[in-house]
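Copied over from Swiss-Prot, here are the features:
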type	residues	note
COMPBIAS	156-170	compositional bias 'Polar residues'
COMPBIAS	204-216	compositional bias 'Basic and acidic residues'
DOMAIN	1-110	domain 'OCIA'
REGION	1-20	region 'Disordered'
REGION	148-257	region 'Disordered'
Amino acid sequence: MDSPLNDGSHHPPPHAPHPLADYQFSAEEVKALRECNTESFFQRSLPFGTGLGLLAYFGVKNGYLQGHVKYGAVPKVVMGVILGYFVGKFSYQQKCAEKIMRLPNSHLGELLRQRRQGGGVISSITPDENLGRAFTLAPFSPSSADVYSDEAYQPGRSTSLNLDTESRPTLSGLDDIYRPTLDSGSMLEAELPLEPSKPGQSYEDLRRRNREEYSKHQQSPYSRPYEPPVAVQQRPVEQAQSEPAGRKNQYGDSWTD
């Protein structure tokens, strides 16, 4: 009698059918799905598509994106609108699932609740937890050679990096910490001493000194004021009246022969 292992006609058992295979949606579930379709379009797809389309248009207009030779920014805008439509539909799936799970006597809502409670991939592992698990794996975990430790640099242990700097002689001339430089304030204070403050002078002292300087200025022969020359009055020239030579008549008239 042949064993079933040696029988070549043995076939693996068929897979279990999907729970939603040949599922008949109820009227309430169909109504909820239609509401989800409408709400996802107006609340998610339309804003996302409009935003991505405007970004594509202004990107081509400002030169950030390369437009089509014939159609310009139209292809980029259409692609942005289509991408925003699908992103909006995908982002509304969780809210639509919550609406279906709130329906009473819904087999689809019961399946969604069991999947959430039973540990689906999306519901059981959050992004933060998944990221933490990824960094704890072997390729990301630090090895002993990568971990920094200052034990090798401690003075108690003799290693090749322990440099005996304290026993070496130091030359004070080579130490430029206290060497004066152009930026040093001590050099400026040593070479440029401040002038002593002059005693204050009163108004009487200034007045007396001004008088002395004025008197010295007046006594100097080169500083005498300019004196205009005295105008000489000229006497009027008297015309000498020459008496005509000759005899006079009885009336005083003179004549010559």
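The backbone N, Cα and C atoms fix where each Cβ goes, glycine too.
In the predicted model, the domain 'OCIA' (1-110) has a mean pLDDT of 84. Note on the compositional bias 'Basic and acidic residues' (204-216): DSSP counts are 13 helix, 0 strand, 0 coil.
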